[in-house]
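Have a look at the structure below, then the notes.
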Amino acid sequence: MAIALDRHNYDAIARAEATRRKGGWIVLGVALLVSLVWLAPFYYLIVSAFKSSTEYAAGHPLALPQGLSPIVDNAIRVWTDAKLGWGLVNSALYGLVGASVAVFVAAMAAFGLTRLDFSGRTFWFMLIFSGTVFPFQMYLIPLFFTYQQIGLLNTRAGMILFYCAICVPFPVLVLRNFMAGLNREMDEAARMDGANDWRVFFSIVLPNAKGPMLALFLLQFTWIWNDLLFSTVLGNTPEIRSVMNALQVFQGAYTSAGPNIAMTGALMASIPTVLLFFILRRHFMAGLSVSA
Amino acid sequence: MAQVSLRDLVKVYGRQPAVRGIDLDIQDREFVVFVGPSGCGKSTTLRMIAGLENISHGELLIDGQMVNDLPSRQRGVAMVFQTYALYPHMTVRQNMSFGLRLAGLPKAEIEERVARAVSVLELGPYLDRRPSQLSGGQRQRVAMGRAIVREPKVFLFDEPLSNLDAKLRNQMRIEIKRLQKALNVTTIYVTHDQVEAMTLADRIVVMKDGLIAQVGTPIELYEAPANQFVAGFIGAPAMNFFAGRVEAGEHDGLVFRSNAFDAVLPTGRFARLEIGRPVVAGLRPDDVVPVGHGVPPTGGIAATGIVILSEVLGGESQILLRLGEAEVMAKMSQPRPVESDERLPLQLNTDRLHLFDAETGASLRASADAR
Ligand SMILES: Nc1ncnc2c1ncn2[C@@H]1O[C@H](COP(=O)(O)OP(=O)(O)OP(=O)(O)O)[C@@H](O)[C@H]1O
Ligand SMILES: [Mg+2]
């Protein structure tokens, strides 16, 4: 016996549903306006990067460039004068090492806080958590003097150490919540399968926390990359300067160079984080939806 | 193949006891089911056996060896969890072989064991899928496969079927029973579904408030419950209870009198009866027979009930009746439609009456019978 499947014209129903959903032109308009405001600085940055210094000085700052070629000269100029290459290498080093170590340490801490039975768990969590409560700037001066005394000031090791430490508390907060939500029976099953604490951490919990860990890595990497305050105070010699610091020094030292060259430098300095985001975006989005 | 003995097993959380002292000997190859209301300590007991929970007091012996302080991997036990607890980032094959890989078994043996489990559980087509790509029943089978490949001495199940729909649950129940028969492994199974308990168990352990209320075969629990709690817990719909007292009857006999019915007590069925003693009588719905439906009891008494409501199940109807001043549930086989307030003639099979002490709830059955 056949069952009549086409009691209605389902295509028509679907189309009607879709048109009902649309509407909302006002919402769209407002959204467009907001994006314009938000995009204006980017526009300024891009057009400036394609202007030579004379062209920049002559025309309106928001005017379109006459050609594309000046960006090459600008890039060479900022690369050599600001030692941008070193800056990029340094920042990459600080960001990659700092963010990975911090997120990994945070994952271990979160595992301990959610899975292991030891006394004072809440106390330890609150202690770490307090690291996210106070403004970072508070650490600046004591850190400076301590670094000076023990000889870590203006060293790569000092910079890495600082970033590793400062980037731990926030991921602990996120990962603790995430791991608390992971099915506990899963690691009990692993324990019965013969896994010890380390094995449960590496083989069971860590692979399942990949999404939020990548998202956190990206956030912390970007924070380290963009950090100006600490990198200026703790690491201010030409060889160990971060890229942001190098750009700032360049702007101060070569005021004659003009904003177009600084903008080109800024553009170059932002490429790596954007690239990283594009490479990891799938995991990043997955991580966000998981932790939400 | 193993015997499991629980000796005065206790679990306290903080100062709160969850399991208050359990003694039980489980025979080799036996299928034991723990049932009881929510929070009575079934899972806690099972988790102590599994090694997932410390034992606060008492001893746990597997094959005569004290294992209190052995980690679970050395106890030779495997567990199937309620949520299946599969590793989401591993394929079915990896899920099943994880424990064997950790144990450092040779690759060939791992493959052989997995292959065997896969053929038993008919998981062949799914070996390279992740758990998220499987249906509930398939996940359940993978969880069982993961337990099987370890070739444990004892299988532990904690409500393994409660996440499945009714039809699949029946199917998996049969599959578990068959598997246990085929593998011949001592099995401890926790559920609060009494159909599962009755059908699967060699012996049922009924728990209440962290203690064992009764241990016995399904028939023993049904026919001779040791106390009112077990009587009310086993059997669906639940046993009818009537508060009343024992009084002197004709020919030196005893009668049970209540506001629902009076019945002569069969001689020899009960012990420790005293005249005037307050008791609770129990009568299963199967023993409240509407006249003309089902097998009429040979003994017993006639009565008339007034229909309050009826639930039609097809093959039978469950009818809630007013009997005297009490309410009673009756089972009508080969049912006919009944109306509210209809007067329904009944035969009460009082030969199968149960009596419980009104205070302690203990059964007053003669012990030879109550076993
Ligand atoms: N980790 C824990 N901390 C404190 N109390 C607990 C803990 N686990 C269980 N309990 C308590 O112990 C008692 C027994 O719990 P258990 O999980 O064994 O019940 P159960 O019989 O399995 O119930 P259910 O049928 O609902 O699964 C409950 O009162 C519960 O609240
Ligand atoms: Mg439970």
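In case you wondered, yes, glycine gets a Cβ from its N, Cα and C as well.
Copied over from TrEMBL, here are the features:
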| type | residues | note |
| --- | --- | --- |
| DOMAIN | A:88-280 | domain 'ABC transmembrane type-1' |
| TRANSMEM | A:25-46 | transmembrane segment |
| TRANSMEM | A:92-111 | transmembrane segment |
| TRANSMEM | A:123-145 | transmembrane segment |
| TRANSMEM | A:157-179 | transmembrane segment |
| TRANSMEM | A:200-225 | transmembrane segment |
| TRANSMEM | A:261-280 | transmembrane segment |
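Contact between the transmembrane segment (A:123-145) and the transmembrane segment (A:157-179) is present: at least three CB pairs lie under 8 Å, with pairs separated by 6 or more positions in sequence.
With a cut-off of 8 Å on Cβ pairs spaced 6 or more residues apart, the transmembrane segment (A:25-46) and the transmembrane segment (A:261-280) reach 3 or more such pairs and are scored as touching. Within its own chain, the transmembrane segment (A:261-280) has Cβ neighbours under 8 Å at 44-46, 48-49, 53, 71, 74-75, 77-79, 82, 84, 87-88, 91-92, 214, 217-218, 221-222, 225-226, 243-244, 247, 250-251, 254, counting only residues six or more beyond its boundaries.
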